Amino acid sequence: MELPQTAAKSAPPALTSRAGSRKTGQLRNGGLRWALLGPALVVILVTVVYPLASSLITSFRDWRLIYSPTPGAFVGAANYARALTDAGFLNSLRVSGEYMLMSVSLTLLFGLGIALILSKPTPLNIFTRALLIFPFAVAPVLKGYSWRFMLNPDYGVYAKMIGTVIPPLKGYIWLGHEFSALLSIVMSEVWGWAPLFALMFIGALGSIPSETTEAAKVDGATSTQIFFRITLPLLAPVIYIVALLKIISAFKMFDQVAIMTGGGPGDSTQTLYFYVYQVAFRNLDMGYASAVSYILVAIMGLLAFLYVRVLLRDH
């Protein structure tokens, strides 16, 4: 009778040792995790967190590099208040809004049109779909230079084609007039984004049950009625997502503006990002440029919040 009692008494130390070894293993694993994450965290702190914090502090200071290499006096929210009455900032906000409306609407229109044309799974359509990703993969800088050359009135391919089809536009300087310059930047962006949207729409069109459209045809619905009353409503969630994605991208427009027009003629194509660049690296007003940058951060944060909210709602 003594042996079982002895065994029973000796069991808890074994359990305790196993529990202790598990805790030691967990501590070691935790230390290993931090050791692996440490270098990445240091890089993030140095390259992301510190610049963000530094620029936020700078936005509350009067710092003009032309006068001083170090940050000046603390001015509170004066730089932010200045933006509300600054004609350059308000103009860039208007230009960005116009560019956003034009690029988003045209990208959706062309993307949906391409998707409807290539929706049937024929061999030619399948091959063409594979090519649609290439315009989006082109670097923005290369895209800007390409369109700048193609719109040149002397040797540009697009300028020559348009001049041949529409004789009054022969020799027209597309990047030398306010509206056509902005439209040229819009079309260069539509050229890159519309094929990507077309691929998204093709995937969404493939998920629409064929029984729904067939039942509508049996009931006598025309192709136009099917599109507006069945296809378009079912595509609405995808349209919301890609539209918000393009809106966010539109407010970040910089590359094509810098390469194709330099913000001109005048300031007719000066977007928000390009305006921040002008203030910071040409006017050397780092305090005000930081304040405008954080206004942009607020706008982008709001758009990103709406984008995530739409995604979560759809899922």
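Glycine is no exception: its Cβ is also placed from the backbone N, Cα and C atoms.
Listed in TrEMBL:
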DOMAIN    93-307  domain 'ABC transmembrane type-1'
REGION    1-25  region 'Disordered'
TRANSMEM  32-53  transmembrane segment
TRANSMEM  99-119  transmembrane segment
TRANSMEM  126-145  transmembrane segment
TRANSMEM  182-206  transmembrane segment
TRANSMEM  226-245  transmembrane segment
TRANSMEM  288-312  transmembrane segment
Contact ranking winner - 32-53, 126-145, 226-245, 288-312 against the transmembrane segment (99-119), Cβ under 8 Å: 226-245
Remote residues contacting the transmembrane segment (32-53) - C-beta distance under 8 A, at least 6 residues beyond either end: none
